[in-house]
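Here's the structure, in structure tokens; my notes come after.
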Amino acid sequence: MYAEELLSTLMQKRIVGQLPRVIKDVAIDSRSVQPSSLFICIKGFTVDGHDFAQKAVDAGATVIVTERLLQLEGEVAQVIVNSTDRTLGILAAKFFDYPSKDLTMIGVTGTNGKTSVAGIIHNIFVGLGEKSALSGTIGFNLNGVLYESANTTSDALNTQQMIFRAKMEGCRAMVMEVSSHGLQLGRLAGVDYDVAVFTNLTHDHLDFHGTMENYGNAKGLLFSQLGQDLEKNKHVVLNADDAWSARYAEMTPFPIWTYGINNDAIFKAENCRYENGMTYFDMITPEGTFPIAMHLLGEFNVYNVLAAMAVFYARQFPIEAIIEQIEKLPPVKGRMEKVDTELPIQIFIDYAHTPDAIEKAINAALPYKKRENKLIFLVGTGGGRDKTKRPTMAEKASVADYVILTTDDPRYEEFDSITGDLAKGMQHDNFTCIGDRAEAVKHAISIAEPGDIIIFAGKGHEDYQIIENTKYPHSDAQIAIEAGKLKFV
Ligand SMILES: CC(=O)N[C@H]1[C@@H](OP(=O)(O)OP(=O)(O)OC[C@H]2O[C@@H](n3ccc(=O)[nH]c3=O)[C@H](O)[C@@H]2O)O[C@H](CO)[C@@H](O)[C@@H]1O[C@H](C)C(=O)N[C@@H](C)C(=O)N[C@H](CCC(=O)O)C(=O)O
């Protein structure tokens, strides 16, 4: 792209030095700079990208976007702006030619359920024969190929690049998990969403946002950023059973589609039944009531499919076609995912790492448990992150017959400090603390008897554990199966 054209999008800037004619790439990491690139210096949480500007020039950057004039050696122009963070979104969207405008963009936000709802919507698109891309906690899924990503919501550059790639690969839609960090840090600048979905808001990430009010407001940006252009066919999907929905409804002029189980909603579930490893309910819709039988387990999945139904209905897909897809949906990876085993116990893997998600995972499993059997719940939490939620996590876990408190990604925190904080919230004595997660998983198997249900919570789909700053291979399911074979077979 011509440098003049790319930079014409910046209204407030000072250019020092001679601009090159073309810019071949945009980069925010000096380690990935290609020749003839524009490098944007981002002030990070750990280091300042301005300190890597010279490295970027050495690697071939011909333009540096910076917040102050830098002493640089080499042939390079400097573009001085007030905020490189904000500039990143503007330049990334322009460089990739605003790709989100050419796709049906669905953004899903909320504390829990983002991965499931986004995955369900993506699977329904694929089931309907529409090419769709998916980005979120599990990475970037482009036509079935999964690319890793460090964040649920990637930085603005990577975000625009993913959408561009989806467009170039012929996708009609892209479904994105939208985190509150992503919204607050401007990672979604320039993404033109068509449908914004809210799942729920409960305690998490207060280390970053400070208060629930701030956290809720950050999520609200997804709805306010839909804009005011009423000629656009945009929609908002809100959970009628979550009080924050009323706030979000005020933030946008676009049509609101509600879903829920308890309060009045446009898409409402009644007569929910959890039997024989299936979930049954009646779905009330603007076109009548439809009985649903699906493989996704538990009440939280009823919410998830209602949200997905609202999205497709808003985009004018026929209800029957969506229901057909809902009934075929496979479980979402790592979300109350039943581990396929020959063992005489049922094992579920779940990503739950917030009090609310723990409550939901346990409530999803309880209806499938016989009175004479136990529900064993193993839960861990990450080191060095929001500590205030720990006792409440254990409080919610106390509903299980036996609880094992452990770690998730301990990082630099001592095992005992994590499990000790969790233990403060336990409501009964039927629990133990085992900081080493692999040992904790083995312990769960050692105390299980035929017919029992075990939920391994916290890591979900992840196949590693971060101890200090190293990622070690770790799979709850694999450890459980091996231990189970030794015990039961
Ligand atoms: C706290 C936080 O959000 N950190 C994010 C931030 O990292 P950072 O601030 O540490 O970046 P940095 O390492 O200081 O680097 C600053 C700049 O210097 C550049 N640099 C750095 C080194 C070098 O040699 N050369 C160079 O140019 C970097 O590319 C960057 O542009 O920028 C990185 C790149 O975009 C992110 O991957 C990283 O997310 C980290 C991994 C993270 O854990 N974030 C969490 C808090 C987060 O965002 N979570 C949310 C919510 C998840 C949920 O819903 O549960 C998410 O969306 O993932």
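From the backbone N, Cα and C atoms, a Cβ is placed for every residue, glycine too.
Caution: TrEMBL annotation is automatic and unverified by curators.
Within 10 Å of the C-beta of K114 (ATP binding site) there are 25 other C-beta atoms, taking all protein chains into account. According to TrEMBL, the ATP binding site annotation covers G110, T111, N112, G113, K114, T115, S116.
Positions annotated as domain 'Mur ligase N-terminal catalytic' by TrEMBL: 23-80. Confidence in the domain 'Mur ligase N-terminal catalytic' (23-80), given as mean pLDDT, stands at 97.
Under the heading domain 'Mur ligase central', TrEMBL lists 108-311.
Under the heading domain 'Mur ligase C-terminal', TrEMBL lists 334-460.
K219 (N6-carboxylysine) falls within a helix when secondary structure is assigned with DSSP. The Cβ of K219 (N6-carboxylysine) has 24 other Cβ atoms within 10 Å, all protein chains considered. Taken from TrEMBL, the feature N6-carboxylysine applies to K219.
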Greatest C-beta neighbour count within 10 angstroms, which of the binding-site residues G110, G113: G113
Binding-site residues clustered about K219 (N6-carboxylysine) [Cα within 10 Å; pool: G113, K114, T115, S116]: none
Residues that sit under 8 angstroms from T111 (ATP binding site) by C-beta distance, when 6+ apart in the chain: T199, N200, L201, T202, H203, D204, T354, D356, A357
C-beta crowding around N112 (ATP binding site), within 10 angstroms: 27
Binding-site residues compared (T115, S116) - the one with the fewest other Cβ atoms within 10 Å: T115
Other same-chain residues whose Cβ falls within 8 Å of the Cβ centroid of G110, T111, N112, G113, K114, T115, S116, the recorded ATP site, in sequence order: V108, V117, E177, T199, N200, A357
